[in-house]
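These come from TrEMBL:
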- 100, 163, 164, 188, 189, 190, 191: ATP binding site (BINDING)
- 189: Mg(2+) binding site (BINDING)
- 190: site 'Important for substrate specificity' (SITE)
- 219: active site, proton acceptor (ACT_SITE)
């Protein structure tokens, strides 16, 4: 099959499907020799029935179909193969973390190092300091199982991180000069775009270098995959902030507890934390426009809640209401070093708008408590479920690189880990679909109005959404 393409294939029973394949080193190095997987001689793994993945195994993107559904898209299943294309003593692997912090980064680093060492006998693994620019601006850090043994108990990343700094030519020059032949890249959609460019340049030069991406975004806005690592931890921590806001609001007269959560373009953290806490009266996310004044507006609903129960809790994602802020402040769009749109602080802005509204009305004197736990949430160590998830991601990436796959990212698709072409990960962002049942569950939980004008209720595509959210 051609690499990184959409191919028709069929199983033995005649069932046809579309395989979105990932590249392999033999696509441009056809004479590359293969070797028996050393795991065959590892007593911990050789006894496991069906431990090795069949090369023809595929994972379906959609598991709910109808009679008239088109042929389903599938991805190559992740896992160890019986044949590898790297000998243990030739591997010189590197790991780099880019973009913002996220719970679980250190766990992924640890499991890549320990997985390569204990499963495949690899002894040379280095860390790239400070993101992409570390390839050409800093020295590498030797990584051993002993060094990384306890890093999963810490937040952040031991390698450091940064935004921007991507220079494809300089990075690949450094990879070639250092003799690196496996590159593990942890980062969000911008980082994965950079990883795709690195892969293309490596392929153009004909280098035996496997490039594996591990998608990292605390906002859960990576498409195709069920969820991204660190998301569960973020929701768990966000609940603590919501609980604090709830206690404050109940303990003071006419009190509004306002919590700003992460979510530049996608409101998954706000939505899931709201559903999990059951203490929220109003949740505002980027995908659901709202207006402040007039019938059915936010101010009217706040006034209703204060009059009815004497307190309320509002959760707002950082990307919500940005069009209202820009309109009121007459500001132009700005971008950070990664090319992401810089948002104004919606928490501070909406706080002031609420205060000004009630001060003007002189009907109710409100007490507003504003909580912004952003940096607390992303800097904590990952919880148990995320630690296990990070281990599976790291091992999937290792198995893929050792088997000769390259130019891919890993992640769970309908509960099964798969190798996904870079282009599918970077083509769009995953967003909350406000015509979907999960958002309806939230509205039912908070009893808030939709805040939507009829013009905002156009048909929204559900194809390609995370299966986790289609329940």
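Heads up, the Cβ atoms here are built off N, Cα and C, so glycines get one too.
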**Request:** Could you state the whole-number distance in Å separating the C-alpha atoms of residue 100 (ATP binding site) and residue 219 (active site, proton acceptor)?
**Result:** 11
**Request:** Rounded to the nearest Å, what's the C-alpha distance separating residue 190 (ATP binding site) and the residue listed as 'active site, proton acceptor'? Just drop the number here, would you?
**Result:** 14
**Request:** Look at each of the recorded positions, 189, 219, and point out the one with the fewest other Cβ atoms around it within 10 Å.
**Result:** 189
**Asked** Using Cα coordinates, what distance in whole Å links residue 163 (ATP binding site) and the residue listed as 'active site, proton acceptor'?
**Response** 16
**Three-state secondary structure, which DSSP defines for residue 163 (ATP binding site)** = coil
**Fill in**
One residue among the binding-site residues 100, 188, 191 has the fewest other C-beta atoms within 10 A of its C-beta, namely 100
**Item:** Distance from residue 219 (active site, proton acceptor) back to residue 191 (ATP binding site), taken between C-alpha atoms, in Å
**Value:** 15
**Fill in**
Taking every pair from 100, 163, 164, 188, 189, 190, 191, which the record gives as binding ATP, the longest CA to CA distance in angstrom is 12
**Prompt:** Of all the binding-site residues given, 164, 190, which has the fewest Cβ neighbours within 10 Å once its own Cβ is left out?
**Reply:** 164
**Complete:** residue 188 (ATP binding site) and the residue listed as 'active site, proton acceptor', compared by Cα position, are separated in whole Å by 10
